[in-house]
């Protein structure tokens, strides 16, 4: 730790006052001996070599020891190195000024050095506390990430069991019931995929939509072996959404892609379905387009009875999920040559009061138990 640099000074400072002053006197006498040895017969620079002794006394011992070193250094310098030698007499004002400047400088050094030492030690302690807090925070984040991973793993396993059970129930059921159960299993599988991409950002569990949608399209591609030769393409920007919103977007994408695969390419017709996810200003846009035979446009809001008559539960679910996101669905021709394009537009910021709220199931005939 950083405070180890002050272990020895702390031991010296724990000595009694007498021992600290004795150590300070030792520093001063060492400086005095060096001065006598280097400039034995000269009276120039009488005070210079005493400054290190004052600094060492203040740093290693304490402020009082630094002051004692300044006083002792002044006395030795005046008596031995300031003419008249071996006398404390001050011959003139210039000498008196030099002595006063040295003594004042020594006292100032002792005071300021002690203050700097205290400030530095406190800074080291604060730094050590910050490091300790950061380590604790990193450990907490690591533990939280482990819990998040475990949570996602458990939820994914539960959803996988639900999906598998639903698919098993579809075996041997009537064609209509089997199709409905398969659709439910596919939707559960989409929600399971959400939990593969959980991450934390700003204290909230988020899903990277780029990775999530690419995984979703990869799953759908793997299921195209028995379908018509249709290519799936995706272009998604790396935006993150909370789990509930990511699940809604994934379900919408799954419904629209599956709808295109089932209805836009009859008679083994080849084609392509593209998915795009991007941001435009304050909105996020999810687009699913195909170059198939084209689908009738979704009717305007408010024609729910007509919508139920003309369209299946999947398309009604798309509108309900878009409403949950605070957005809307627009359907149009993909190009002059045909095809269909669905544009889901919803705000980047989650609508107030909608967090975690899933839409009510669409009205219609309930699935058989």
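Backbone N, Cα and C define each Cβ position, glycine as well.
Per TrEMBL, the stretch carrying the note transmembrane segment among 21-38, 129-146 is 21-38. Within its own chain, the transmembrane segment (95-113) is flanked in space by residues 47, 50-51, 54-55, 57-59, 63, 66-67, 69-71, 73-74, 77-78, 82-83, which lie at least six positions past its ends and keep a Cβ under 8 Å from the stretch. Among residues of the same chain six or more beyond the transmembrane segment (68-89), those with a C-beta under 8 A of the stretch's C-beta atoms are 21, 24-25, 27-28, 31-32, 35-36, 43, 46-47, 50, 53-54, 56-58, 95, 98-99, 102-103, 106-107, 109-110.
The domain 'Histidine kinase' (150-350) scores a mean pLDDT of 80 in the predicted structure.
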